[in-house]
Structures are given as C-alpha cells and as structure tokens.
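Okay, structure first, notes after.
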There are 2 protein chains.
Amino acid sequence: MAADQRQLHLGAFLQGVGHHLAAWRHPDVDPRNALRFDHFKQLARTAERGKFDAIFFADSLGVPEAPPALLARGLLPSYLEPLTKLAVVAGVTERIGLISTVSTTYLPPFHLARKFASLDVLSGGRTGWNLVTSGTEWEAHNFNLETQVPHAERYSYAREYVDIVKGLWDGWGDDALRFDKEAGVVFDPDKLHVLNHQSERFRVRGPLVSERPPQGYPVIVQAGSSADGQALAAATAEVVFTAQQTLEDARGFYSGLKAQLAQHGRAEDSLKIMPGVLPIIGRTEQEAKDKYEQLQSLIDPVLGVGLLNAFLGNIDLSKYPLDGPVPDFPLTEGWQSRQKLFVDLARRENLTLRQLYQRVSGARGHRIVLGTAETVADQLEDWFVNGAADGFNILPPTLPQGLNDFVELVVPVLQGRGLFRTEYRGHTLREHLGLARPRNQFE
Amino acid sequence: MAADQRQLHLGAFLQGVGHHLAAWRHPDVDPRNALRFDHFKQLARTAERGKFDAIFFADSLGVPEAPPALLARGLLPSYLEPLTKLAVVAGVTERIGLISTVSTTYLPPFHLARKFASLDVLSGGRTGWNLVTSGTEWEAHNFNLETQVPHAERYSYAREYVDIVKGLWDGWGDDALRFDKEAGVVFDPDKLHVLNHQSERFRVRGPLVSERPPQGYPVIVQAGSSADGQALAAATAEVVFTAQQTLEDARGFYSGLKAQLAQHGRAEDSLKIMPGVLPIIGRTEQEAKDKYEQLQSLIDPVLGVGLLNAFLGNIDLSKYPLDGPVPDFPLTEGWQSRQKLFVDLARRENLTLRQLYQRVSGARGHRIVLGTAETVADQLEDWFVNGAADGFNILPPTLPQGLNDFVELVVPVLQGRGLFRTEYRGHTLREHLGLARPRNQFE
C-alpha cells in the first residue's frame, strides 16, 4: 500500500435504535434507547473508536399527518432536535466530526449561522451542516403555513440562505480577537465585517456575536438528488449523501455531479460523494442472511402495506392478498416515477405484495450490503475504486449492534487494505475529509 | 436547625469570563476561556459540586450598532448560542439544572418547544427556559425587520407563545410510549394530541416528534420587571431573576409580584424570586475591598464614559474632566428615569465623573455583596429571611475564580446555617426548586 493511497471516508448515520424499519422490534434492541443520552454517547464513542470521519443525524420537523393508529405501529418518536443531540455528544467526544441536518425552510439564517458557529467553536472545528429544504405539508403546518413552499422556490431561497450564512460566518476576521489587556482592546475593530444583506426575502445585518468558526465554515453537506438539488450541491456542497442502489447508477450520479463542479470553478476533490449503505454483517454469509431475514420478518404487515400505499399514491392495497402477486393499478398524480420503479421491480423479480413491501420498507430505499466482513468490505471497495463513491454513509440496521459490528469487523479489514485511516491525522472535520479551509470573503 | 427549615435556591449566572465589565483585563483571568468548552465544563462542574440549583446563560441576538472602536474596548464576543452551550455542558454534568435564555421574538415556537423538550429528555429533566423578548433595534436588523416589535405587542405575542409551547410539550401523553414489540405498537394512538393552534399571528399544528419532556414542562424563568413583564411572570413564570439594589426595593418587588399570583389561581410558592448578586469575597473585609478596587481600576475610561453617555442619552461627556464633578446637563428624550437616578446618585454621594461611571458600569447594575464568607452569607440571609428573596442568582465577577470562591467559601457557611442543601435530593430542576410537575392539559 502506497503512503499516498487514496482513502475512503466514513460517516455513521445514527438513527434512533437503527435504520431498519423493524429495528425497534428486534429482540436484542432496547427501543427506549432512542431517548437516552447514554445511547448516543456510546454510539459516538464507538464511531470515534472506529476512526469514522463523522457521525450524522437526520431530522424531521413534524409528525406525518397519517392516521395515529398507523403511526403508532412504526413511528419511533426519536427525532429529538438533532443539533441539541449533537451538542450533547460533542462534550463527550474528542476528534470525530459532528454533522446535523437543519432545514433552511423555517429557521431564520441568523439563528442557523450562530448555532453552527457556536458548536464549531465549542467542538474545536468538528461540525458539518446537512442543508435540506423541508418538503412536506405536515412540516409547513407547524410553521404558520397552509401549504408548503414550492420546490423550485425552496431551492432558490436555499441558495441565497447559504450565502447569508457564509457572510455571517465571515463576520469576524480570522485573527480579529486580540485580548490586549494592557491596551484594553478585545478585538481589532477593522476586522468586524457587517454583512448588511438586503433582498426581498432576507434582510440580515450581522455580524454574529462570536468569532469566526475554527473551520472558517462548518462543512456543508447535502443529500438532494433532484436537478435543483444537484445544482445547489455543485455550487455549495462539500459532502453529498446519496442513495443509489446499483454501481451503474452510482457511477452515473458520481461523474454527473462532479462534472458540474467546474462551472463553479471548483476542483473535483472539493466535493465528496458518500452513498448510504445499510450493512448486514455476519461471521458467515449464512449468518448475515439469517440476520436480514429475521429483521424482514419483523416488519409489521399493516405498516408495510401502509407505507407501500403511501409510496404508490394512496391506492388501497388492503383488499389484495399479501402472498399473492402485486396487482395492476392505474398511475396516480403522485410519485409516478416511484410507482413505475416499484411495479417494474415486482414484475422483474416476480414479487408478492408482501415481498414488495419488505423490499421497499426494510432499508427505506438504501443499498444493502450483506455478508462477512470481507465480502462487505469487497462491496464497498468495488464502488470506491470504480468511480462511484469517495466514501460511505453507514446506516446500521440496529443500534448499537449494527455499528459495533461494523467497527469491530469491517473497519479492520478496510484498514488492512490501506483503504481507511488507522488514526486521525487532523483535528477538524475539514481535515478528516481533506477539505480546504475557506478564506474569509471580506479579507 | 429544623428538618423542614426553608432553604434558599442558588443559580450560577455564567457569563464569559465574569460579570464585571473589566473581568477580561484582570491578571488572573484568561479571556480566551470565553470560547472554550473546558471552561464551561469546569464552571458547571464547580457549580454542581456547590449543589447549585442551576447554571444560567444569558443571550443577545446581535452586536450593538455602536462604533466598532468603542465595541472593541469591551465587547467580549462571548455570546455563543446559549442552548448549544447548555447542551454541551449537559453531557458532562449529572444533577445540576440547566437554564438558558431564548427570546420569543424571532424564533418560531415549534423550534423552541422541541429544543427544550429534546434537552429535557437528554438531560433527564434538568432544563429551564428563561423567556425574554428581544428589545433592541440591532437585534431586529438581523431578523428581516427595519425596526423592532413594540414593547406591548412583544409581550402579548409572548403570552400566546408560551401557550403554544406548552401545548406542544403536551402533545404526547405522559405514558404514551409503549414499545410493545409483540403487538408491534410503539405508542398509544389515543395519547397523541394535535394542538392545532390557530390565530392571526400563529398557526401551529403539532405535535412534536418526541415524547413529553420528563419535567412535563421545562421550568419557565423570566427576568422582566416592567409592568408587562410582571404581568407575564405572574401568569406564567416559575422563577424570576431580578436586579434590585436595596432590601426595601427588593421587598416591594417580592411582595408585589407574589400578590399578583392569586389572580391566576397560583400559590405563592409556585414562583421563586431570585435577585442577582455580584459577590466579592475576601479572607478579610480588606481583601474583598482590595479585590473590588482592583477590578474597578481596570475599567477602561473610554468605555466607561461611553456607557455612561449611552445611559444618559448620548450626551457628550468627553469635554468634562474625569476627576471633576458630574456636570449639569439637560434631560433628553431617552431614559429620563435613568438620567435622574444617576444624577441624584452623583449629587448624593458627591461623585466625580470617573466614580460615577465606575459605579454604574462595573457590576452592570447588579447588587454587590462584598466581604468575608461570613458577611457575604449574612447579606444573603438578610434578604432571604426578610421577605426579599427565595434565593439568589450569583454573578461571579471573574470566572472561574469568583465561582470557585463562592463554592469553596460561602456555600459551606450557608450549609452550616441550614440555609442551603448539602446534597441534591431530587434529580430534576423542578425537584431542586420544589416546583410541581404540571399536568398534561389534554388529559
């Protein structure tokens, strides 16, 4: 292995007690952990022991407006506010990066900028912001709106929003603070930069009430893969989480997005693409398969069919037998591409209704890599060396078990192949990811 | 000492490297601590060792629009976002309460409710929310406004805001979560309570995406002492921080506010009044006086006069000699009561201009208690037993030194007199303060 061998990056996507829809029902899992500090503390420390680049929390700004009886069968009330969760964990970790989702749609940019700036200061430069826009009616209803902001408008706001946030992060020069006791001067007044952003949508004077974040800007992460989402990512993102299922799709996405960077004057390695992967790890292939089957068997049919109904545009599937073929049904005005995807999948693989909802809902649409530590590492390496990924966002099916397995079994294999660090070299998330520290736009 | 002796409550108001305006210039103080996690971690642990009810962080949503050269002489960039700071500290403490200021003026209530709910879950019920409204132009300019929301309107919004936040905290029944793996039921669907608040100002559906906070509601704290502020406090607050200077004023405030509780059907002990106190502690009276004089001598004349100018309505005082008498000047349209207060003080005590700004700016308007541990305890006991306070919010002049002194020297004296706990009895902030856990309004 060469000293300068390209290495992959790893994120630990920590979701309640696991990503699998039925994780909470697994006999080894304590679902109450989703609400315990000790759980997240141990997860973060495990990921840090495994030298992951970062942990990552997702978010949702509301409870879906579905029948409570359906929600009750699978909605884990685990969306504690992710930046709060991240801050609590920051205090008990040393090196690992800390990435949280925060939507631009319902939070004033001044609040967002200072929250990340503050956590970046307190964590010694370890934060990343997963920029999302909120795309559901039920979230809009919690924020004074009858109906959500249209897709294109959300993305145009988001673009402006990022500029404002960066302008606020640049509000203090990097060496503004002097703390000269003798002269009685706390900071250099020439290094206080008032943003004074003025548009129809946003009027934000600035600056923040604290110094520039140690990383300059917290790392900017995105996960949108629509055309609007990719355009925003090409302009602003430094890490992109994706959800392709096949090497071919992933390579297409990877090269397509990287090709868009040049028009923003950006180098290819200034953006890291990290597909999501749900690993099922066994000591043997058979053990891994058994683990997966056990989880799949725990998916509640009512919930599985309910989710499939939702994906397919609220078609009533309850009259069809679960173990019969997937019926024909008309396309609705909803998610036509999704409908077609699922029906094609069912036809191609000759799936029953039960098999279809299990395929769709178990891993919530993410790539599953299943096998021993060696074969799981093979599957990751395959994508990494074949132009499909700069690393992976690992979605443990159960927590803490799935993360423990990955750190104890797969990480050493990747390290042995020279594909992954054996020790942190830097201290900030930017350093872990090999991303440059941005210059201050005012200097 | 009787077993049921009434005991006082203590908050540790932690502000950067200390409350005294010149704290950062003190030779023993490292001003860069204001931006270090380890500093706040040690402070919180010291306060916990001292069995304080809670630590407390203030906030400001912007940099004052004053000349940068003046700001540079005294503005400590220490307003890291306080809830983030509190969350980081939550992970490294066990029992102490965690109170943070958050303004209702520029943050959607859904965000506020879930942040406190999340931190209450993760900290095991230790949070308190210091409700403020934002009252400066420079904060308004960071949130899309040309000019701030008028005082009365801010308070009427705040009243509605508290109702919404409580409604969101009640969105889940106390025992809603079942996690019944066998039946596949996460929660009891009958215990999901949709708020559906609809007014001209706020439309918030709810519920939150997490369980009811362990305390039911995080403890509600306030510090406003205007008539609007007192009315809001009488209706909603459980702790009030105040800033009276004399026993007489403090008794008046105490009995006046407690008298307003009955009209809301509240008992007197459902609201704890805790005046702010800046303690200067020496091994002898003389040592305490010397400490105070040293701090006072470090106040920058430019800053001191600048602050006095601001208090007095931007009268130009720079042409008058610092060690001469306070000049006569006309009342302006600004803070007339404040002008009169300061001029009367200067006349009564025959103060020079320098002495006046030192009196006004050093402790930023809070009561100073100066002396040995015994005489400082005497002064606290005096207010506590004479109907002026249920406890005190302690403002250490320097940090960590001022807090260390209080915990090591004064707390044992208070404990020896039976006035303060020697060990935590409860686990939540409500339990520390002797406040009841609120019922769920939907049940």
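Yeah, the Cβs are placed from backbone N, Cα and C, and that goes for glycine too.
As given in TrEMBL:
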type	residues	note
BINDING	A:Asp59, A:Thr101, A:His151, A:Tyr155, A:Ser225, A:Ser226	FMN binding site
DOMAIN	A:29-386	domain 'Luciferase-like'
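Annotated features taken from TrEMBL, shown on the structure.
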{"residue": "A:Asp59", "record": "FMN binding site", "contacts (Cβ under 8 Å, 6+ apart)": "A:Tyr79, A:Glu81, A:Pro82, A:Ser100, A:Thr101, A:Val102, A:Ser103, A:Val132"}
{"residue": "A:His151", "record": "FMN binding site", "contacts (Cβ under 8 Å, 6+ apart)": "A:Gly135, A:Ser226, A:Asp228"}
{"residue": "A:Tyr155", "record": "FMN binding site", "contacts (Cβ under 8 Å, 6+ apart)": "A:Thr133, A:Gly224, A:Asp228, A:Gly229, A:Ala231, A:Leu232"}
{"residue": "A:Ser225", "record": "FMN binding site", "contacts (Cβ under 8 Å, 6+ apart)": "A:Thr242, A:Ala243, A:Phe253"}
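A:Ser225 (FMN binding site) falls outside any helix or strand according to DSSP and counts as coil. The sparsest Cβ neighbourhood within 10 Å, among the listed binding-site residues (A:Thr101, A:Ser226), is found at A:Ser226. DSSP assigns A:His151 (FMN binding site) to a helix.
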